[in-house]
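So the structure is just underneath, and the comments pick up after that.
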Amino acid sequence: MAAAVNSGSSLPLFDCPTWAGKPPPGLHLDVVKGDKLIEKLIIDEKKYYLFGRNPDLCDFTIDHQSCSRVHAALVYHKHLKRVFLIDLNSTHGTFLGHIRLEPHKPQQIPIDSTVSFGASTRAYTLREKPQTLPSAVKGDEKMGGEDDELKGLLGLPEEETELDNLTEFNTAHNKRISTLTIEEGNLDIQRPKRKRKNSRVTFSEDDEIINPEDVDPSVGRFRNMVQTAVVPVKKKRMEGSGSLGLEESGSRRMQNFAFSGGLYGGLPPTHSETGSQPHGIHGTALIGGLPMPYPNLAPDVDLTPVVPSAVAINPTPNPAVYNPEAVNEPKKKKYAKEAWPGKKPTPSLLI
C-alpha cells in the first residue's frame, strides 16, 4: 500500500485505499482565479494526487498561508468510476462549493463541480477530456432539416467554448509530454562525467602586479607613449671638448692678429696700412666701424727675453727689407727659438 510519509516523522500522512485506481485519460482540473483561467492540471496518470503547501510531498503545490503542508488528497474510485476528495485534517478545511468536508472522510466530486482549499481564492473545477467534435454537429445528424435554426441559436457559443477548452487542454497535455520526455531521456542517456576542478581556495604568495603605475609612483601612466633614446656620455664630452678647442684656438689667433705686432710690431706703418684697421694702444679694434675692446685671453709666453737694446740701435728701418704683402698676410705663431735661429745669449743677459 502506497503512502505519503512526512519527512519529519515516521507517521504516514495519507494511506492510499485499496479501491483506488487509475482515472480515464483526459481527466483534469481547471484552476480559476476570479474570472481568469490560470492553468489546467492533468490528473489521469496516478491513483491519487496530494494537494498542500509542501512541494516535496505534494503533487500540486498551493502557495497560500492558510493551507496545510499536506492539505487534501484526490482519489479515483476504480469500481464506481468516480472521483473522491479526502481532507487530511487540515487547519482551515477543504470545501466542495461552500460546504466544508469532514476530515479523513472521502467525498464524491461530480464532474463540473468546484472545490477550494483553505482561504485560497483559487477554485479547482473537475473536467473530463474535451470532445473533438462539438455537440452541435452530432445534433445535426439526428435532427436533419431543423439543423439550421439550432445551429444559429446554440451552435456558435458552444463551439467557441469547447474550442477554448480543447486548446487549453492540448496546451497542458503538450507541456506534460515534453516534461516526461525530458525526464525519460535523462534516465536513458548517460551523461559524460565532468571533471570537477579543485574547489578549494588557494592563495598565492607572490603578488602579481598588472599595472605598475598604480603601485610605483616613479612609473608614469603614459610610459608606453614616450620614446627614449640613450646617448653615450663619453662621446658627448669628446665632441664638447673638440669644439671648445677649435673655438679657443681661433680666438687666440684672432687676438694675436689684432693686438700683437709680431716681430715688426715696433715699426711705423706704411702708406698702404694707413687705410686699414688701426690698432689701439689700449687694445681696441675697429669691428663694424666701432672701437670695441678685445682683451688678449691667452698672451704669448717668451721663453728667452728679448734684448731691449737691439731695437734701439737701429731706429730707422731699411725700406728695402719690409714687404707690404707679407704684413697684410695672416702671421703664424712663432716661438723665440724659431724666430732667432742660431742666436746666442749675450753676457749682459746672464748677469
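The backbone N, Cα and C atoms fix where each Cβ goes, and this holds for glycine too.
According to Swiss-Prot, the feature domain 'FHA' maps to 49-101. The phosphothreonine annotation in Swiss-Prot covers Thr161. Annotated phosphoserine per Swiss-Prot: Ser178, Ser199, Ser204, Ser249, in sequence order, evidence recorded as similarity to another entry. Taken from Swiss-Prot, the feature phosphotyrosine applies to Tyr264, Tyr335. As annotated by Swiss-Prot, region 'Interaction with CDC5L, SF3B1 and MELK' applies to 1-142, with the evidence given as similarity to another entry. Per Swiss-Prot, the feature region 'Involved in PP-1 inhibition' maps to 191-200, 331-337; the stated evidence is similarity to another entry. Here Swiss-Prot flags 314-351 as region 'Disordered'. Sequence annotations record features per position, and here Swiss-Prot assigns region 'RNA-binding' to 330-351 based on similarity to another entry. Under the heading motif 'Nuclear localization signal 1', Swiss-Prot lists 185-209. Summarising the annotation, Swiss-Prot assigns motif 'Nuclear localization signal 2' to 210-240.
When pLDDT is averaged over the region 'RNA-binding' (330-351), the result is 58. Classification of Ser204 (phosphoserine) by DSSP places it in coil, neither helical nor stranded. Taken through DSSP, the domain 'FHA' (49-101) splits into 0 helix, 23 strand, 30 coil. Counting Cβ atoms from all protein chains shown, Ser204 (phosphoserine) has 6 others lying within 10 Å of its own Cβ.
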